[in-house]
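Here is what TrEMBL says about this protein:
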ACT_SITE  GLU327  active site
ACT_SITE  ASP410  active site, proton donor
BINDING   HIS326, HIS330, GLU406  Zn(2+) binding site
DOMAIN    40-224  domain 'CAAX prenyl protease 1 N-terminal'
DOMAIN    227-462  domain 'Peptidase M48'
REGION    293-312  region 'Disordered'
TRANSMEM  16-36  transmembrane segment
TRANSMEM  76-99  transmembrane segment
TRANSMEM  119-143  transmembrane segment
TRANSMEM  170-188  transmembrane segment
TRANSMEM  194-215  transmembrane segment
TRANSMEM  340-359  transmembrane segment
TRANSMEM  379-401  transmembrane segment
Amino acid sequence: AMALPGDLWAELPAERRIFCSVLLFSWAVYLWEAFLAHRQRRVYRTTTHVPQELGQIMDSETFEKSRLYQLDKSTFSFWSGLYSEVEGTMILLCGGIPFLWKLSGQISGRAGFGPEYEIVQSLVFLLLATLFSAVTGLPWSLYNTFVIEEKHGFNQQTLGFFLKDAIKKFVVTQCILLPVTSLLLYIIKIGGDYFFIYAWLFTLVVSLVLVTIYADYIAPLFDKFIPLPEGELKQQIETMAKSIDFPLTKVYVVEGSKRSSHSNAYFYGFFKNKRIVLFDTLLEDYSALNKEPAEGEEGENEETKSKTKNKKQGCKNEEVLAVLGHELGHWKLGHTVKNIIISQMNSFLCFFLFAVLIGQKELFTAFGFCDTQPTLIGLMIIFQFIFSPYNEVLSFCLTVLSRRFEFQADAFAKELGKAKDLYSALIKLNKDNLGFPVSDWIFSMWHYSHPPLLERLQALKDAKQE
């Protein structure tokens with residue numbers, strides 16, 4: 001009698017089943033994402049005219065520009081997604097992880113650290129793995145910046161600036177990643193039965209420290225932050241912050257236009273020390289893209305001049321205030337704190353399950369580690385591969401929650417009397433960033449952390465009419 005697939009599966013040793021399940025799940029997720037992207041691409045291809053309900057909001061030229069931009073981005077993400085899925089599969093099938101671990105052992109051995117120095121070997125492994133992914137990701141990143149973003153008028157970087165940036169990013173990442181990882185591995189090693197509690201507390205402290213120092217010490221390595229000059233806008237921001245008891249200490253403008261003409265705003269800081277950061281591309285008065293070149297700069301190459309001659313970009317002061325009203329709504333309604341609590345509960349649960357699973361030899365054998373069970377590899381296998389179904393479900397739930405928070409923050413801005421300005425700001429930002437306002441319902445439900453533009457405008461419109 002022929003063996004049924006179920007019987008064959010049951011006969012496989014546990015480690016083979018684990019390995020095959022990880023691979024199959026990874027491809028299942030990839031195919032699901034590809035199916036969603038295919039549905040969304042069909043929307044980009046077939047919606048060639050401005051839908052009636054958007055007639056007031058978007059002119060046909062902007063609509064066509066955003067359609068072509070999103071179509072290019074979607075095609076790019078199809079190919080880059082396929083590449084990374086194939087690359088990940090090949091690494092697993094060819095034993096890339098145990099190979100790299102062995103290589104790290106040889107390198108640390110040459111430096112005089114034997115097998116008993118597992119943490120040193122782990123750091124060499126991490127360095128090599130991140131270097132590998134930086135190098136294989138570079139061509140995709142270059143293509144995205146200098147072909148797609150360039151073609152649609154967003155890229156403001158030169159090749160030199162881009163490469164310097166990439167190297168700086170890599171070095172800064174290593175300076176944080178390596179010490180943090182070595183301490184985490186040390187805590188897991190010496191923590192005894194309750195190591196997962198100490199490991200979780202350690203990652204909590206690290207994330208709080210990083211959030212605190214990021215904007216003051218890390219972000220300025222990449223972009224120039226200048227205090228928002230005294231004036232009407234600054235006064236209005238301070239007045240609005242005071243009216244809702246937001247403990248604002250500083251307002252900065254970041255020179256985002258050196259990198260890209262996409263726009264943004266955010267706030268950061270703990271307790272009584274909050275700062276607001278506005279991208280210069282968000283502000284009509286500060287955007288480098290709106291400035292006429294000075295007389296001495298006539299000799300500039302045509303390319304940069306034609307780029308800056310784009311239509312006026314950014315928002316008027318009232319609109320900037322409305323966008324900030326929305327951002328401050330996230331703070332006032334406790335969204336930031338809720339997100340931190342959710343992420344920490346998730347982190348604790350993951351460390352707890354890691355403690356339960358780390359003793360399972362089959363997990364290591366499944367990925368080619370028959371003789372050794374390095375802690376770092378255990379973390380990688382469990383957090384990245386074993387938890388992947390859980391991570392997919394969690395990420396979907398967080399997307400749904402994020403959309404709810406966005407509607408609530410819009411409603412908060414509305415209560416501040418900013419419905420009309422937020423309405424026009426959302427339209428402008430959508431136009432400046434070439435967002436495409438039509439989407440496939442499953443694609444948008446799965447991917448959009450912000451509600452579709454039309455839904456947000458509809459909610460604000462009801463308020464405007466009231």
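The chain as shown is numbered from 1 upward.
For all residues, glycine too, the Cβ spot is worked out from N, Cα and C.
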Close in space, distant in sequence - the residue listed as 'active site, proton donor', Cβ under 8 Å, 6 or more apart: HIS326, GLY329, LEU422, ARG456, ALA459, LEU460
Sparsest Cβ surroundings (other CB atoms within 10 Å) among the binding-site residues HIS326, HIS330: HIS330
Top partner of the transmembrane segment (340-359) among 16-36, 76-99, 119-143, 170-188, 379-401 - counted as Cβ pairs under 8 Å: 379-401
Close in space, distant in sequence - GLU406 (Zn(2+) binding site), Cβ under 8 Å, 6 or more apart: SER449, HIS450, PRO451, ARG456
Segment confidence, the domain 'CAAX prenyl protease 1 N-terminal' (40-224), expressed as mean pLDDT: 94
When counting Cβ pairs under 8 Å to the transmembrane segment (16-36), the leader among 76-99, 170-188, 379-401: 76-99
Cβ-centroid neighbours of Zn(2+) site HIS326, HIS330, GLU406, 8 Å, sequence order: GLU327, GLY329, HIS335, PHE405, GLN408, ALA409, ASP410, PHE412, ALA413
